[in-house]
Amino acid sequence: MSKNKLSKGQQRRVNANHQRRLKTSKEKPDYDDNLFGEPDEGIVISRFGMHADVESADGDVHRCNIRRTIRSLVTGDRVVWRPGKPAAEGVNVKGIVEAVHERTSVLTRPDFYDGVKPIAANIDQIVIVSAILPELSLNIIDRYLVACETLQIEPIIVLNKIDLLDDEGMAFVNEQMDIYRNIGYRVLMVSSHTQDGLKPLEEALTGRISIFAGQSGVGKSSLLNALLGLQKEILTNDISDNSGLGQHTTTAARLYHFPHGGDVIDSPGVREFGLWHLEPEQITQGFVEFHDYLGLCKYRDCKHDTDPGCAIREAVEEGKIAETRFENYHRILESMAQVKTRKNFSDTDD
């Protein structure tokens, strides 16, 4: 994946924030090694400021401080940590995270002040949760898929609330989902209310670390509750009977274990992936069905719109590429341009 470009104003803010954090870290006292036991392996199940909850190999969770030399630590990181010893006055000292293992993957999102910010590590797959209520939006699904392709993390599309569909509605939704099945994406139809379709989803989650992405109101948290066998541990984003709007809730990112095997990181930071930091070429690459036609256009600088000799547009006209995907591709590019214009205007004020 090519390196994302930041504007001069954004880069100044990133550098300023980094220097501020360095200054703060130098002012913090170091930790006495005599306060801690032998090094052990663990996984970060949650991060709270300068502390992290680390789960050891035996399943116990330990609240730990973080060495100031560690620049980045997020939920899902595999770490070397040391338990705290009982202090003289009988109070246990917090453990300490000593080092972070190399990540197999990292889930990031653009941040206006800190550049591209990591929010979870060592993710195997992203579960894109959509629903027929409050709205089945293929545009939002396509935005998530572009993010997954750019991050090089495997996606699974899960359509929730199928219990609200009659036969005609189910046929229509299946036709819409065939657009994604036909280009190689896995689609699962489920209901967190009736638990229909949960078994295939459980099988897809077993043995992997997943993260669920979905806008408020699609039943993401209710689905997680059903999979985890919980009732209230994860707050729900239910649909209001009167308004049809999702009731917004947030919690800190945390790793949970599925009873059937596998793990999930629940984070409010993946409700929507921002794409404004990407280049147009990265968006194009994020549409997998475009790949066979890239480089075949008449002009090298083809915008894949009304340009003469555009191989991608011709494939759309021939029915080889879904028209809805092509339209959403241009909607994403247009929304990116609008956001970048606003942010560049803001940068001129710095």
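Here the Cβ of each residue, glycine as well, is placed from N, Cα and C on the backbone.
Feature annotation (Swiss-Prot): of 122-154, 155-187, 287-319, the stretch labelled region 'Required for binding to mature and immature 30S ribosomes' is 287-319. The number of other Cβ atoms within 10 Å of the Cβ belonging to Ser216 (GTP binding site), over all protein chains shown, comes to 20. With all protein chains in the displayed structure included, the most crowded Cβ environment within 10 Å among the binding-site residues Lys220, His304 is that of Lys220. Considering only the binding-site residues Cys297, His304, Cys310, no residue lies within 10 A of Ile162 (GTP binding site) on a C-alpha to C-alpha basis. DSSP assigns Asn160 (GTP binding site) to a strand in the three-state reduction. Of all the binding-site residues in the record (Cys302, His304, Cys310), the one with the smallest CA separation from Ser216 (GTP binding site) is His304.
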